[in-house]
């Protein structure tokens, strides 16, 4: 049986987790991203080529490494698709090696609007958010009302849940 290695950060910032994971990836069969969003990035330099990743685990740049995005990650579909496209343009077979949990909560435009509006309304107590909707998406996840990746495969359910969410959040944006 293989062993599992877990890299945890406790500083909520640029601690070098990505670099450590990248160092360990040569010996890994899989790399799993279990939480977070596209607000942070990690830069990898492999064979002199620089790549910046925000959502996709760094193992994607290593042959034969499966990459998994777990349900604790909040996913901005537009950011994910941009990252996939950039990697595929470099010849990385992303679609063959990336698996995404259908339970991942989606970051939608209203999450971004809420995040930015809240930060703008704070006079002195700004928290320094990236304004990418991460916090509001996690609020929906914890409250069990968020749209998830799996909802994209059921258009009727997606439409009903989206309508409910827009009604819930629109009052805060008016």
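Positions of Cβ are set from backbone N, Cα and C atoms, glycine also.
Keep in mind that what you see is a predicted model, and the values were worked out from it rather than measured.
As given in Swiss-Prot:
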- 14: active site, proton acceptor (ACT_SITE)
- 42: active site, proton donor (ACT_SITE)
- 13, 14, 15, 16, 17, 18, 19, 41, 42, 43: GTP binding site (BINDING)
- 14, 41: Mg(2+) binding site (BINDING)
- 14, 15, 16, 17, 39, 40, 41, 42, 130, 144: IMP binding site (BINDING)
How big is the Cα-to-Cα gap, in Å, between residue 42 (active site, proton donor) and residue 130 (IMP binding site)?
-> 15
Same chain, 6+ residues apart, C-beta under 8 Å of the C-beta of residue 19 (GTP binding site), given in sequence order = 42
May I ask which residues of the same chain, at least 6 positions away in sequence, place their Cβ under 8 angstroms from the Cβ of residue 41 (Mg(2+) binding site)?
-> 52, 53, 54
Where does residue 39 (IMP binding site) sit in DSSP terms: helix, strand, or coil?
-> coil
Mind giving me a neighbour count for residue 130 (IMP binding site)? Other Cβ atoms within 10 Å of its Cβ, every protein chain shown.
-> 15
Residue pair residue 39 (IMP binding site), residue 15 (GTP binding site) - Cα distance, angstrom, rounded | 15
Using a 10 angstroms cut-off on Cβ to Cβ distances, just flag whichever of 16, 17, 39 is the loneliest among these binding-site residues.
-> 16
